[in-house]
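Under the heading Na(+) binding site, TrEMBL lists 36, 275, 307, 372, 375. Positions annotated as disulfide bond by TrEMBL: 135-144. The transmembrane segment annotation in TrEMBL covers 20-38, 50-70, 76-96, 108-127, 190-209, 229-252, 272-292, 304-326, 404-428, 440-459, 480-504, 516-539 (among others).
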């Protein structure tokens, strides 16, 4: 079940990074995405401020960094993608590769819809007056009210107004962008403007991945660095706004009692897995383009430091602006804090409409969102295409086979994604977001990776493989965190168990109840990936001659 002999892949056919900078930027593009900007700051605020760093750092040291190194080194050592690498190193667990690629396929379908929304907002930002800043649009209702500032008013006397009124930001988001329906079943008519935005973003992704590592290595110089420029601009602007200090205090104010809440630990664990791209096969694919003697060990520490630092700095930029917005509206910051798409497409547009030169800041924000999401999307797409190419090299790597495969994948994902630009599309998006790459699924894959490397292949053996590449062995903590079957990481197991025990029913936007078919669809998405683990193991055992111990030897 574990092999010692690795076939040498023709790197001229697969390609190689032209420089270490291309590899570092490509991995940064993959792991540093929208979750760093709109999820981590909210989780930090929600889970006790600065106290949240305790479980976050524990999961980072025990799970994040070791698994990050494991996947990157695995790709570099085998020169194969997510599926091929596991087939070579531990065929019984090759289902890990198939499961991760299925997750990537699902994420490619729905993640890019966020970019279509962002592109729609970006185009709208060039109007002389931001369309979400007033109630004079054709889509606005009679209950639309602009309340830039509520200071000086008694909040209790405004209760009737606030209960019946809707803001232009929400009406723009729900009525103009999404054309949101009150039912999940409204999937009949496509919003052609969003569909065009989706098609445009898919076209950009296609040409970014068109030539594989050659084109990606050049594109990431722009897509991986530009968001940092925008983040710096927003940070400088944010901390200079009135009320910024209050927002930052809310962001970091410690609440030690939150450490007793298991949900805090669950959030910290899943955030590490989401933000580091662990168990998706992308790191293995990117590592496979490295030279055999590249020091992936030091690269691992550099990239992990960059990723977590970006999350923390993004929190300052986000909460300084939210503090300003809370002060301008005369409300508590808890009333304006949101996570996910609500932050990007409701809270932040509302905030920039209160600033001088709102068009400029809106363009900066949505350009940053586009770049953050775009590079994550096309790097994931490359990992998927490359894994298939490794399985069928003679078929894919000749006569433009790669370009045709890429076109087919993009076309199929685009067509499925059209469901998410219908009146009920936001609900379909939420189903994909909750089930296709759930935290529980990623945690399950991480446990299986630990078993495959720590027990079947041997952590010491894998450590020696790394030594063969870089000239020295990694710290002993890595061998402890690539554990044997008796010592699987307590953090991962505990978090996985908690996620299953407290799995909450699906709640859709605006309190819409998910119908039975939506729940069935969600669990089908989950099982379509994780079921490949036991199915492949059974297939491998049935088709491999000899006993388990004989094959292992």
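Residue numbering: from 1, along the chain as shown.
Each Cβ is built from the backbone N, Cα and C atoms, and glycine gets one as well.
Keep in mind that TrEMBL annotations are predicted by a computer and have not been checked by a curator.
Note that this is a predicted model, so its numbers are computed, not measured.
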Cβ pairs under 8 Å between the transmembrane segment (404-428) and the transmembrane segment (108-127), at least three: yes
Inter-residue Cα distance where the pair is residue 135 (disulfide bond) and residue 307 (Na(+) binding site), in Å: 40
Cα-to-Cα gap, residue 375 (Na(+) binding site) vs residue 135 (disulfide bond), nearest whole Å: 35
In contact by Cβ distance (the transmembrane segment (76-96), the transmembrane segment (516-539); 3 or more pairs under 8 Å): yes
Two-stretch contact, the transmembrane segment (440-459) and the transmembrane segment (76-96), at least three Cβ pairs under 8 Å: yes
Rounded Cα-Cα span from residue 135 (disulfide bond) to residue 372 (Na(+) binding site), Å: 31
Remote residues contacting the transmembrane segment (190-209) - C-beta distance under 8 A, at least 6 residues beyond either end: 112-113, 115-117, 119-120, 123, 177-179, 215-216, 219, 223, 374, 377-378, 381-382, 385, 406-407, 410, 413-414, 417-418, 421-423, 425
Neighbour tally for residue 307 (Na(+) binding site), based on other Cβ positions within 10 Å of its Cβ: 23
Env. residues of Na(+) site, Cβ within 8 Å of mean position of 36, 275, 307, 372, 375 Cβ: 28, 29, 30, 31, 32, 33, 34, 35, 37, 310, 311, 376
Tertiary contacts of the transmembrane segment (20-38), as residues 6+ beyond its ends and Cβ separation under 8 Å: 72, 114, 213, 216-218, 220-221, 223-225, 227, 231, 271, 274-277, 282-283, 286, 289-290, 294, 299, 302-303, 306-307, 310-311, 314, 318, 339-341, 343-344, 368-369, 372-373, 375-376, 379-380
The transmembrane segment (50-70) vs the transmembrane segment (272-292): 3 or more CB pairs under 8 Å: yes
In the chain carrying residue 144 (disulfide bond), residues 6 or more apart in sequence that have Cβ under 8 angstroms from it: 135, 165, 166, 167, 168, 171
Least surrounded among the recorded positions, given as 135, 372, when other CB atoms within 10 Å are counted: 135
Which same-chain residues, if any, lie at least 6 apart from residue 36 (Na(+) binding site) yet have Cβ under 8 Å of it: 275, 307, 310, 311, 314, 372
